[in-house]
Amino acid sequence: MSAGTAPAAPRYAPDDPSLPKPWRGLVDGTTGYLYYWNPETNITQYEKPLPPEDQLPPPPPLPPPPPRSGRGDRDRDRRDRSRSRTPPRRDHRDRDRDRDRRHDDHRSAPSHHHPLPAAAAIAADDPSTEAYRHRHEITVVGDNVPAPITSFETGGFPPEILKEIQRAGFSSPTPIQAQSWPIALQCQDVVAIAKTGSGKTLGYLLPGFMHIKRLQNNPRSGPTVLVLAPTRELATQILEEAVKFGRSSRISSTCLYGGAPKGPQLRDLDRGVDVVVATPGRLNDILEMRRISLKQVSYLVLDEADRMLDMGFEPQIRKIVKEIPPRRQTLMYTATWPKEVRRIAEDLLVHPVQVTIGSVDELVANSAITQNVELITPSEKLRRLEQILRSQDSGSKVLIFCTTKRMCDQLARTLTRQFGASAIHGDKSQSEREKVLSHFRSGRSPILVATDVAARGLDIKDIRVVINYDFPTGIEDYVHRIGRTGRAGATGVAYTFFCDQDSKYAADLIKILEGANQRVPRDLADMASRGGRGGRKRNRWATRSDRGGSHSELDSRYGGRDGLSGSSGRLDSSRSSRRHDYGDDGRSRRSGRGRSRSRSRSDSDRYSRSPKRSRRHSRSRTRSRSRSRSRSYTRNRRASRSRSRSPGASRRHERSATGSGSALPDSGHGERKRTPEADPSRNHTNHSDPKDDRHPEDGKVGKVDLDRSPTPQDKSGPYSPAYNGKTSRSVSPGNQVEGNNKAAEVSKNPDPSSPPHHGKTREDEEEGMIDEDGEIADDPRANATVQNGGDN
């Protein structure tokens, strides 16, 4: 009320038959207090008047007193009277609580008890009260529970607050407001459990304003009302509601949260505020600085209480509660009330009245939200998301939830160009988060991609669609996510992408769907019937990418190439083809240890740290038409040089091959070359037929013996001093048909009639070209060969 404005006139309260005539109930137009007026004597008072003694019913007759005789009877009567004044015996828990806190009747309330409006007092036992509770699924557990307030006018709120309520467009209280308001006005502890978007914020703010008006504390001595919230977004949202509905009543408020400078927050505290909305972490920091006093707090609210306790704020909350006097009123407003949290909450509340909207023990989703659960693979998520976004009306607000901050940023960048999206998560600074939320509220950025940091308590109007791109890590978070739409009586739509890795939540998700009368997909029911296992039968011998391993799942989660498919990329491609890698000739090439050891020089250049070699390799790949042939020829020449360097190793390999008759491991594909018949007359070291590679002693099939002295052709090879720098690393197509062993024999027995290209044609030389200038990078093994003279 501004200065110079006449105070509002009082108004009559609803008729109360229990009032003696001619008393009438009045409501103060300025403060909203209920008081009583006698029009005959013009006397007003806050205490409810009692009827005259002549109108009181006669008391019941007392039983005749027992006969008394002697001193012992008088002592016995004295003990009986003292016992009758002693309160009933209670358990140790009640005694411990009363030692720290006084009873509800002796809390920090004003000297005159503020009664409920007469309409609520007389309707507590009215049949319409039970009908109202049954219609709105209200369950109340506690003592002396008043009837719900069905209209704002009967709540006893001052005209300033009523004007703000009417300006906000509220026609009647929500069920949680209607039942929790009269309980809170009686200075009782409250546990209010209701679905998201049910108006819990005003459920504790308006009684808190009435509490402030009754006490008339000095704001400079500290706040009177303290509200704790788990996240910065929820805290700022509560502050906005407190400022909007408390401005006309001259109620000052401030918000304390991390991620913002402390200077402005400390200045607000120094000026004095009535209401403090804070996160536990920042409030503890300011308490350690001794810049705030909570000795005057008598109205404590824990919004999203289960969330704060689940997030690990229990030590901070207990530390804050120790700074608050025990004579206080505590209220917990939340959407869920798990059994694990009830034990902790018993230490913070005294004889609370529990008000539940809907089911008591199970999670309940808003029935006004249409839930669509789609079983989908990770690689199909982005394409389906784009289809949903294109089907929405232009300018519709869509909220998308992801589980990781990295995915949140990447998905926002992908959608920004087409739809205009922004991201919000815990790594964003407070200014960035406020800017993103401002753009989302105004419609400048109609799509918001968020993590669970924005899932609890975020109240943004006109959110049409909520999309769970990644299923949350708990079914409680799912209820809070979809609760961002369908608020304040509106309807909404929720889409949920459900993958095989989320199968452990299938049974709980079905309960949520059935509780809200939503359709349950058949695939989801089948998954739940299998005990939460995946929906597809997995092949034991499938590759990792086929089984949906970690790499393929990660790549598909981030959209794959171009953000559309879940291609696993180069790493997964090599893994998936490791066991089944087929060449052009149809034979299987095992990419095991042997292949990695015999990688050609071009492959080694590929992993070279030198940018120059990498560029050369990229140019050679564009000019080479037969990379596999170049690799085969280079592999065999390298094997022959490694055998020829060590005479001891050569003799050792010869003895091993002669004694055992077993084939040496091929440096190439590791396969044995078998011939249809064996001829022991052939000499192993001097082959006349290059197609025969049998062992001379036992006639068993063996490998080509590469342990020999270098030939003149080898001495003039690429590592010899006479090398002219122009050579190739591939063999002719005709020699390649018989495999790598034949290529080795061609290099061992060259054709005299062939041109001096070391057994290769010009076509082969062009195909195996490595560099534009024909140079080959130095190799330490080549230098060792040159120093040894090229032969042993």
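Numbers run from 1 along the shown chain.
Any Cβ shown, glycine's included, is placed from N, Cα and C.
Sequence annotations record features per position, and here Swiss-Prot assigns region 'Disordered' to 1-25 (among others).
Averaged across the domain 'WW' (17-51), pLDDT for the predicted model comes to 79. Positions annotated as domain 'WW' by Swiss-Prot, on the basis of sequence analysis: 17-51.
What Swiss-Prot records for 44-118 (among others) is region 'Disordered'.
For the motif 'Q motif' (150-178), the DSSP counts in helix, strand and coil order read 17 helix, 0 strand, 12 coil. What Swiss-Prot lists as motif 'Q motif' is 150-178.
Here Swiss-Prot flags 181-355 as domain 'Helicase ATP-binding'.
Within 10 Å of the Cβ of S198 (ATP binding site) there are 23 other Cβ atoms, across all protein chains. Per Swiss-Prot, ATP binding site is recorded for A194, K195, T196, G197, S198, G199, K200, T201, and the stated evidence type is sequence analysis.
For 303-306, the entry in Swiss-Prot reads motif 'DEAD box'.
Mapped onto DSSP helix, strand and coil, the domain 'Helicase C-terminal' (384-528) counts 70 helix, 26 strand, 49 coil. Swiss-Prot lists 384-528 with the feature domain 'Helicase C-terminal', giving sequence analysis as the kind of evidence.
Among the features that Swiss-Prot reports, region 'Disordered' is placed at 523-792 (among others).
As annotated by Swiss-Prot, compositional bias 'Basic residues' applies to 589-599 (among others).
The annotation compositional bias 'Basic residues' is assigned in Swiss-Prot to 609-654 (among others).
Here Swiss-Prot flags 764-777 as compositional bias 'Acidic residues'.
Counting every protein chain shown, the number of other Cβ atoms lying within 10 Å of the Cβ of G199 (ATP binding site) is 19.
Annotation for K195 (ATP binding site): same-chain Cβ neighbours under 8 Å, separated by at least 6 residues, are A335, I357, G358, V364, A365, N366, V479, G483. Here the domain 'WW' (17-51) is broken down by DSSP into helix, strand and coil counts: 0 helix, 12 strand, 23 coil. When the motif 'DEAD box' (303-306) is classified with DSSP, helix, strand and coil residues number 2 helix, 1 strand, 1 coil. Neighbours of A194 (ATP binding site), defined as other CB atoms within 10 A of its CB across all chains, total 25.
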